[in-house]
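Reviewing the structure listed below.
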Amino acid sequence: MIFVILEHILTHISFSIIAIVITTHLMTLLVHEIVGLCDSSEKGMIATFFCITGLLVTRWIYSGHFPLNDLYESLMFLSWSFSLILMVPYFKNHKNHFSTITAPSAICTQSFATSGLSTEIHQSEILVPALQSHWLMMHVSMMLLSYAALLCGSLLSIALLVITFRKNIDMIGFTNHLLIWPFSFGEIKYLNEKRSLLKNTSFLLFRNYHRYQLTQRLDHWSYRVIGLGFTFSTIGILSGAVWANEAWGSYWNWDPKETWAFITWTISAIYSHTRTNKSLQGMNSAIVASMGFLIIWICYFGVNLLGIGLHSYGSFT
């Protein structure tokens, strides 16, 4: 009973901290002068990581098995993975924007796990025979870590596309404004006082320099995180194939979950290939990564919604 109470306490604490982190991010967007809030939000995600870690360990102790048995436990592990991904660059003193991505991802995942699922699913149950294997921890944990990494990388690529698209709109608007200026005597007089139109153009380039640096960082971290997720996915699929051979006598059965896992892995491989070709880097590779965002969620939730196939033990029903 004490473990159940402790689990509820840790769940509420972690959820509250993530909510505070998101509020902090909104404040930094409105008030740029409060620099310390950004660092505080990243520390809040680290505190969330330890809370969810305690929650999973507590559930592991009183259930007697690694907490990856059902959809609720996998969602909590996914939320834990989002927090874990943030910690690596943070402790290496790299400036990044992971907390902007991981905080909403973690709170949405945890909100759905705690509020979107029925309370019966929250109860830990005995492992079904197919899951009573030492491969459970290796296969499922690697796949969930890959989902978290690939989702973060995809969101970073989506952010890159949005910023680039807005930049192109601003440049088009600025060009159209320049075409109107020569017809206005007042504007020509103003430009003469400023000595040249080039000065205004330089100001625009200076204003967009920070945006350029941001897109470069987003592209860099998106590539690194997706590469990490691709590695986890490869390990997870290989370990799952070995486990399937032991449990069902075949390495691959083209189960719906296996099929979508293969599609997810293929998209990640295509993205990695586009990064090796300089002509395909930037926007093209970001579009491929953005496609992976939808495919990953189909892979993760698709079988659970349908409730069919060899992996249907984790379905909503």
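Cβ atoms are placed via backbone N, Cα and C, with glycine included.
For 13-35 (among others), the entry in Swiss-Prot reads transmembrane segment.
Sequence-distant contacts of the transmembrane segment (44-64) (same chain, at least 6 residues past either end, Cβ-Cβ under 8 Å): 3-4, 6-7, 10-11, 13-14, 17-18, 20-21, 24, 73, 76-77, 79-80, 83-84, 86-87, 90, 99, 102-103, 106, 110, 124. Summarising the annotation, Swiss-Prot assigns transmembrane segment to 44-64 (among others).
Same-chain neighbours of the transmembrane segment (71-91): 14, 42, 45-46, 48-49, 52-53, 55-56, 59, 98-99, 102, 105-106, 109-110, 112-113, 117, 121-122, 124, 140-141, 144-145, 147-149, 151-152, 221, 225, 304, 314-316, counting only residues six or more beyond its ends whose CB sits under 8 Å from a CB of the stretch. The feature transmembrane segment is assigned by Swiss-Prot to 71-91 (among others).
Per Swiss-Prot, transmembrane segment is recorded for 143-163 (among others), and the stated evidence type is sequence analysis.
Here Swiss-Prot flags 171-191 (among others) as transmembrane segment, drawing on sequence analysis.
Beyond the transmembrane segment (225-245), the same-chain residues lying 6 or more positions past its ends with a Cβ under 8 Å from any Cβ of the stretch are 85, 133, 135, 138-140, 142-143, 145-150, 152-154, 156-157, 251-253, 258, 261-262, 264-265, 268-269, 271-272, 289, 292, 310. The annotation transmembrane segment is assigned in Swiss-Prot to 225-245 (among others) on the grounds of sequence analysis.
If you look up Swiss-Prot, you'll see 286-306 (among others) marked as transmembrane segment, on the strength of sequence analysis. Long-range contacts of the transmembrane segment (286-306) within its own chain (CB-CB distance under 8 A, at least 6 residues past either end) are made by residues 71, 147, 150-151, 153-158, 160-161, 164, 219, 222, 226, 255-257, 260-261, 263-264, 267-268, 270-271, 274, 312, 314-316.
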Cβ-Cβ under 8 Å with the transmembrane segment (143-163): same-chain residues at least 6 beyond its ends: 68, 74, 77-78, 81-82, 84-85, 97-98, 101-102, 105, 211, 214-215, 218-219, 221-223, 225-226, 228-233, 236-237, 240, 261, 264, 268, 283, 285-287, 289-290, 292-293, 296-297, 299-300
